[in-house]
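Below is one structure, written out as structure tokens, with a few remarks after it.
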Amino acid sequence: MTKPLFIALDFDKKADMWALLKQLDPSQEIHVKVGMEMFYQYGSEIVRELSDKGFKIFLDLKLHDIPNTVKRSAKQLAKLGVYCTTVHALGGKEMIKAAKEGLIAGTPAGKPVPKLLAVTELTSISEEVLKDEQHCSLPLKDEVKALAHQAQEAGADGIICSPLEVAGMKAEFPDDFMFVTPGIRPKNYQKDDQARVTTPAQARKNGSSAIVVGRPITQAADPAKAYQEILQDWREN
Ligand SMILES: O=C(O)c1cc(=O)[nH]c(=O)n1[C@@H]1O[C@H](COP(=O)(O)O)[C@@H](O)[C@H]1O
């Protein structure tokens, strides 16, 4: 599989989502991320609709609760046939392990188990916020790396972090461990609420396995053009 670019479908109306997706070339494999905004409105129906149309889905609900609750929730989520899904790494090893068990238990026979990604430090968190508000004494890169190891030991298939942290830790993980990176901004695009960002090309150079891009595509005057430009920057030198 070519390295995915997940379009973050952060819309408040399903019609706006379809208006964007209809502009994209259906002969290309298209990866999308369904997050809380769409899922809280439309539930599993939106996942099934996208899946029926052939989109590869990252269902991003960032589970974070006691292990039993996470396991039971992940079991339900696995029935939707998504490609990957998320938990917060800060929930701890037992919780991540429980999520994995739930995904395995809920996946229909013969179908692939959704990949489990652990969100390390959100890309909106800066070095200062980590120190002053999360009261973490480690430098951000070290905290992300520690959470990544913890997630891998607990059975996660990969992590979410910013592309800025990937190069410094990739060599410590197996080749198939995934580094999925939001915090992607084309050159000269505003950061919005993201604190740790790179361009798509820099994410590739740093070793990201996949990128997640929302507003630079969804809010563009010409989203199909923005998608193609970002895809090109991500995949080529
Ligand atoms: O789990 C995520 O996808 C995620 C983790 C993270 O640390 N930062 C982050 O921005 N995201 C998501 O990635 C997308 C980024 O959107 P834009 O900032 O609009 O490109 C949003 O859907 C976020 O929810």
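Here the Cβ of each residue, glycine as well, is placed from N, Cα and C on the backbone.
Mapped onto three states, the DSSP output places Asp60 (active site, for OMPdecase activity) in strand. Applying an 8 A CB threshold to same-chain residues 6+ apart, the list for Asp60 (active site, for OMPdecase activity) reads Ala8, Lys33, Val34, Gly35, Met36, Thr85, Thr86. Annotation comment: TrEMBL describes Asp60 (among others) as active site, for OMPdecase activity.
Cβ environment of Lys62 (active site, proton donor): Met36, Thr86, Val87, His88, Val119 lie under 8 Å away, each six or more residues apart in the same chain. The active site, proton donor annotation in TrEMBL covers Lys62.
Among the features that TrEMBL reports, active site, for OMPdecase activity is placed at Lys62 (among others).
As annotated by TrEMBL, active site, for OMPdecase activity applies to Asp65 (among others). In this view, Asp65 (active site, for OMPdecase activity) is surrounded by 16 other Cβ atoms within 10 Å of its Cβ, with every protein chain counted.
Positions annotated as substrate binding site by TrEMBL: Asp10, Lys33, 60-69, Thr123, Arg185, Gln194, 214-215.
Counting only same-chain residues 6+ beyond the ends of the compositional bias 'Polar residues' (196-209), those with a CB under 8 A from a CB of the stretch are 3, 5, 123, 125-126, 140, 158, 162-167, 170, 178-181, 183-187, 230-231, 233-237. Among the features that TrEMBL reports, compositional bias 'Polar residues' is placed at 196-209.
As annotated by TrEMBL, domain 'Orotidine 5'-phosphate decarboxylase' applies to 4-230.
As annotated by TrEMBL, region 'Disordered' applies to 190-209.
A distance of 21 Å separates the Cα atom of Thr123 (substrate binding site) from that of Asp65 (active site, for OMPdecase activity). For Gly214 (substrate binding site), other Cβ atoms within 10 Å of its Cβ number 19.
Across all of the domain 'Orotidine 5'-phosphate decarboxylase' (4-230), the predicted model scores a mean pLDDT of 97. The Cβ of Leu61 (substrate binding site) has 16 other Cβ atoms within 10 Å, all protein chains considered.
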